[in-house]
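Undergrad: Quick one: the structure is below, and I'll ask about it shortly.
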Amino acid sequence: MQYLIVLALVAAASANVYHDGACPEVKPVDNFDWSNYHGKWWEVAKYPNSVEKYGKCGWAEYTPEGKSVKVSNYHVIHGKEYFIEGTAYPVGDSKIGKIYHKLTYGGVTKENVFNVLSTDNKNYIIGYYCKYDEDKKGHQDFVWVLSRSKVLTGEAKTAVENYLIGSPVVDSQKLVYSDFSEAACKVNN
């Protein structure tokens, strides 16, 4: 019985990326083009997290609404499309890749600051968010690799690979790549 409890705890922990201590200092890009953030982005890869645990075929739509954007995040679970909606806007100088997000899911509104760690402002974004847990004295990392297409190619792919190789924050071994197969993306009516 104890073995099953330990196994369940290990499985639950592996669904997220946790570290001891405070969130690391990260430096967002300083050449961010907020206007190019708008539109559709495919979730090519991410750190596993319990909110998106079973989701496949993930993508986000950012629709301008004044100085902010409406955020709609979608994914498919067992043939059903799910979405989370909210708003986002730049934190401070819009050239700095720091974006405030306010999203509601599961009846709860969550707020975070998404740090753009790398982007070419056209084809890809590597984003990072950290959540500190005071009780556990540790933090959970969230990482997303977003692309304008379902597959990174050419210069965008090379730039992402080069960033991941040299990143002191993102562990590429922990990234889970999205399934965009016809079966994964199929929505049953």
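For all residues, glycine too, the Cβ spot is worked out from N, Cα and C.
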Undergrad: Pick out which of Cys57, Cys130 Swiss-Prot lists as the disulfide partner of Cys23.
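TA: Here Swiss-Prot pairs Cys23 with Cys130 via a disulfide bond.
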Undergrad: Including all protein chains displayed, how many Cβ atoms other than that of Cys185 (disulfide bond) lie within 10 Å of its Cβ?
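TA: Cys185 (disulfide bond) is surrounded by 18 other Cβ atoms within 10 Å.
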Undergrad: Tell me which of the disulfide-bonded residues Cys23, Cys57 sits in the most Cβ-dense spot, judged by other Cβ atoms within 10 Å.
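TA: Of the disulfide-bonded residues Cys23, Cys57, the highest Cβ count within 10 Å belongs to Cys57.
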